[in-house]
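According to TrEMBL, the protein carries these features:
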ACT_SITE  Ser67  active site, phosphoserine intermediate
BINDING   Ser67, Asp289, Asp291, Asp293  Mg(2+) binding site
BINDING   Glu393, Ala394, Asn395, Arg525, Pro526, Ser527, Gly528, Thr529, Arg534  substrate binding site
DOMAIN    56-89  domain 'Alpha-D-phosphohexomutase alpha/beta/alpha'
DOMAIN    110-176  domain 'Alpha-D-phosphohexomutase alpha/beta/alpha'
DOMAIN    311-464  domain 'Phosphoacetylglucosamine mutase AMG1'
DOMAIN    482-554  domain 'Alpha-D-phosphohexomutase C-terminal'
Amino acid sequence: MEEAQRSLLLSSAARFPPPEGARLSYGTAGFRADASLLRSTVFRAGILAALRALKTRSVIGLMITASHNKVSDNGVKISDPSGEMLSQDWEPFADSLAAAPTADRLLEVVAEFAGLQRIEFDGGKVEVLVGRDTRPSGPSLLEAAKLGIGSIIGAVAVDVGILTTPQLHWMVRASNRSTQASEFDYLEQLSRSFRLVSWCLMDLIPGGSESNKKNDKLVVDGANGVGGEKLLVLKEMLNLKDLEIEVWNSGREGGVLNEGVGADFVQKEKVVPSGFGLQDVGIRCASLDGDADRLVYFTVPSYSNKIELVDGDKILSLFAVFIKEQLSILNKEAGASTEDGYQPRIGIVQTAYANGASTDYLKQLGLEVVLTPTGVKYLHHKATQYDIGIYFEANGHGTILFSEPFLHWLDAKNSELSSVAEGCSEQQKAASRLLAVSKLINPAVGDALSGMLLVEAILQYEGWSIHRWSQLYHDLPSKQLKVKVADRTAVVTANAETEVVKPPGIQEAINAETAKYPKGRCFIRPSGTEDVIRVYAEASTQDAADSLANSVAQLVDKFLGHSSS
Ligand code: NG1
Ligand code: ZN
């Protein structure tokens with residue numbers, strides 16, 4: 001590292017000492033904390049993003065958001081060149097950078113890591129796209145990020161404004177593929193591919209094109225965040241005739257981000273979000289989270305404020321049913337497809353939070369289901385190992401990944417079928433539908449907006465109401481609790497977080513408690529985004545699930561001691 005680079009880093013780092021008494025780590029989804037603690041961390045994340053850009057010689061993304069957390073929190077996460085989360089082998093470096101107590105130590109950490117990674121500081125120009133959600137702390141953290149990026153010679157921060165997290169990931173991916181990569185291009189791509197999907201799914205419906213087309217309504221809770229605003233813009237571009245989309249809590253009405261609204265609230269509390277009420281009874285409703293990478297559906301019953309939840313597991317199941325159906329049409333009497341012997345492998349990826357009834361249902365469909373630890377970085381990575389990888393967290397974060405070889409095969413099959421058939425065969429329609437879906441769904445990361453459009457298209461194709469969809473299977477009653485403890489890192493888990501290996505003895509105690517409940521299942525894990533241990537319990541009745549969760553929360557207290565805070 002040359003002297004000019006060293007002194008630039010030293011002088012800028014001196015302006016951003018780490019917060020006293022807070023040690024932040026790159027958790028499930030980047031760094032997250034009270035926004036007042038984050039200027040130094042975001043500055044350092046800027047350095048990290050710039051180094052990642054130098055190392056990969058590609059465009060990198062830096063997103064300032066704390067997703068579904070309260071409005072006073074904020075956070076920062078990095079997108080790799082493909083639009084995926086930051087490579088996990090860089091996370092320990094992120095932690096060391098954030099923790100460096102002085103500018104000198106920070107310089108040492110950078111120099112050591114750059115040496116190990118053989119990063120060359122040759123002044124070559126690289127770009128970091130910087131996006132942020134609507135939090136009031138965003139602008140000041142944006143400045144910190146820009147200064148961090150600018151303290152690596154050659155790295156340029158490009159402010160791409162207020163975006164959803166999936167938009168930023170999509171833009172990074174598109175930039176590195178040298179395709180059109182602006183926010184407008186994203187919205188254009190979504191509306192163009194939705195039109196294509198609608199055409200392929202509706203006009204290529206077996207037995208006629210008009211049967212399922214009806215004027216239908218969807219009411220969306222935008223969490224008072226960025227997703228609501230972007231959906232309003234997208235809605236204008238889509239100019240839909242067969243579907244009316246209303247957006248509440250768009251952020252334009254002045255409500256507080258994520259307060260009593262949004263996908264996390266709806267999924268965890270199972271209560272009608274603010275702004276929704278009797279006028280929405282019986283209507284299909286959806287909820288986005290604060291940065292629009294999560295999506296859940298729900299209905300408002302007339303008799304209570306408890307919603308009927310259609311969560312990420314059911315979105316996954318809907319997608320899986322549809323894709324399986326299209327593949328079987330494609331392979332039926334498929335002279336052509338069996339000749340080449342290609343059998344696409346579908347993988348369903350869930351976490352331990354997936355409702356047990358969903359996992360049973362998916363397995364009964366004959367699908368391969370695997371569990372990974374919590375956090376989309378794990379699910380996404382696993383899903384890339386299949387021709388079609390469908391991953392979802394129960395909280396509504398997920399997408400479908402199609403492998404490049406599978407898409408090439410599908411493209412070739414589509415052309416082959418269209419050249420041999422008179423008119424459009426069922427097989428060719430199925431190939432076109434799958435190709436259209438691959439264009440609509442965001443391949444970089446779970447995306448509430450593109451996921452929602454796909455749900456809407458599939459429901460119309462199947463001719464299903466939200467109630468019919470919800471009845472694919474019945475969720476087992478479940479309960480989630482958070483327990484504050486003195487040190488959450490004292491809990492260490494294994495087997496996709498289904499077992500606790502530390503502290504000793506607690507897993508046996510959880511097992512003994514769980515065994516008391518029919519269909520009981522329970523696990524605990526330290527949160528990666530909040531300073532808590534999370535408890536998840538499932539059982540045959542709601543009372544039993546509540547009671548199992550409470551007993552295990554007490555075990556956590558007993559084994560780990562209550563936090564003094
Ligand atoms: P933590 O706090 O590690 O449980 C939460 C969600 C994750 C993921 C991240 C990132 C639950 C139980 N956990 O992580 O699934 O979405 O936030 O936003 O919902
Ligand atoms: Zn989110």
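The chain as shown is numbered from 1 upward.
Just so it is clear, glycine is given a Cβ too, placed from its N, Cα and C backbone atoms.
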Check your understanding: If we check Cα distances from Asp291 (Mg(2+) binding site), which of the recorded positions Ser67, Glu393, Gly528 wins as closest?
Key -> Ser67
Review point. Within 8 Å of the centroid of the Cβ atoms of Ser67, Asp289, Asp291, Asp293, which other residues of that chain place their own Cβ, given that this set defines the recorded Mg(2+) site?
Key: Thr65, His68, Asp133, Thr164, Thr165, Gly225, Gly227, Ala263, Leu288, Gly290, Ala292, Arg294, His397, Ala448
Check your understanding: If you count the other Cβ atoms within 10 Å of each Cβ, which of the recorded positions Ser67, Asn395 comes out on top?
Key -> Ser67
Practice item. List nothing but the one residue from Asp289, Asp291, Asp293, Glu393 whose Cβ has the fewest other Cβ atoms within 10 Å; the candidates are the binding-site residues. Key: Glu393
Review point. Restricting the comparison to the recorded positions Ser67, Asp289, Asp293, which residue's C-alpha is spatially nearest the C-alpha of Glu393 (substrate binding site)?
Key: Asp293
Check your understanding: From the Cα of Asp293 (Mg(2+) binding site) across to the Cα of Asn395 (substrate binding site), what is the distance in angstrom?
Key -> 10
Exercise for review: Using CB under 6 Å from any atom of ligand 2, narrow the recorded positions Ser67, Asp289, Asp291, Asp293, Glu393, Gly528 to the ones that qualify.
Suggested key: Ser67, Asp289, Asp291, Asp293
Practice item. Scan Asp289, Asp291, Asn395, Pro526 for binding-site residues whose C-beta lands under 6 Å from an atom of ligand 1 and note them, or write none. Key: Asn395
Exercise for review: State the Cα to Cα distance, in Å, between Gly528 (substrate binding site) and Asp293 (Mg(2+) binding site), rounded to an integer.
Suggested key: 17
Exercise for review: Rank the binding-site residues Pro526, Gly528 by the number of other Cβ atoms within 10 Å of each Cβ, and give the residue at the low end.
Suggested key: Gly528
**Study point:** Count of other CB atoms lying within 10 Å of the CB belonging to Arg534 (substrate binding site)
**Key:** 22
Point to revise | Spatially closest candidate among Ser67, Pro526, Arg534, the listed recorded positions, to Asp289 (Mg(2+) binding site) (Cα to Cα) | key: Ser67
Check your understanding: Between Arg534 (substrate binding site) and Asp293 (Mg(2+) binding site), what is the CA-CA distance rounded to a whole number of Å?
Key -> 21
